[in-house]
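Quick look at what TrEMBL lists:
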type     : residues : note
TRANSMEM : 20-39    : transmembrane segment
TRANSMEM : 46-69    : transmembrane segment
TRANSMEM : 75-95    : transmembrane segment
TRANSMEM : 116-135  : transmembrane segment
TRANSMEM : 150-169  : transmembrane segment
TRANSMEM : 190-216  : transmembrane segment
Amino acid sequence: MPQDPMDFEWSYWIEWGRERILWLLAGHLLVSQVSRLLVEKYKPWCLMVYGMAACWLLLGIKGFAVILLHAAISFAVAQFQLSLLTWLCSLILLSTLRIPAVEETKRKWYDTENEYYLLLFTVSVRCLFCTSFSLEYCWHAPTQKSSHSFPWMLAYVFYYPTFHNGPLMNFDEFSKQMRRQEAFSVKTNLSILIVGIIRIFFWWCLAELMIHLMYIHALYSSALPLESASYWALG
C-alpha cells in the first residue's frame, strides 16, 4: 500500500535521519561511553564539544553562530534575574525567525529548503532550552549559581540527542544526570542500548504502519471527504 504523501514532517526527518542524524547520534553514543570510561569528570565538556561539532557540520558556521548568539543573549539577560525579562527575551528571539529580511538572509546560507528548515527547527527548540536555563538561573539562590555557568549552559544547549527536535529536559535534571557518577558495566550498558533500539524500532514501525494505512494528513488537507463523512466516521 502506498505511503501518505502529505506527511511532510515524517518524510523530512526520515530523510535527514538516514543521511546524517542517525550517524551523528551513534557518534554521540560512542563519545559518551568512551568519555565515561576514560575521563568521566570531563564527560559534559566532551559531549558539549561533540554537539558543537555536529551542529557546525549540519548547519554550517553561520547556523552554529546563530545558536551560539541566542545562547549568549539569553545568558546575558538572565543575569538580571527577572523571569519576565527572560520571557520577553525568548519571545523576541523567536520572533526574529519570522522577520522576512532575516528569513531571506538565512535561506541564502543554504543550497536547499530542507537545510534552511533544519536550522529553523533547531533554533526554535534551542530557544526552549535557553528559556529553561535562564528561568532556573532566575529562580535559584546565589549559592546555587555555581552550576549555572555559561559553559554549563552550552553543554545543555548543545547536548546532541535533544538538539534538533527535543524532547525538552530542564537544566536541573540535565545537570543532575551529568554529575551523577555510576560504575561502568558493559553488560548493563549493552542491555540498556538493546532495549532502547527495540523501543525505537517498535515505534518507528508503528508510525510507518499508520502512514501507510490511515492517511490522516491527506484527509485533513482535503475538505471534501471530511464534509461528506458522518460525525461517527469523523470520530
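For all residues, glycine too, the Cβ spot is worked out from N, Cα and C.
Put simply, of 20-39, 116-135, 150-169, 190-216, the stretch with the most CB pairs closer than 8 A to the transmembrane segment (46-69) is 150-169. Most Cβ pairs within less than 8 Å of the transmembrane segment (20-39), among stretches 116-135, 150-169, 190-216, belong to 150-169.
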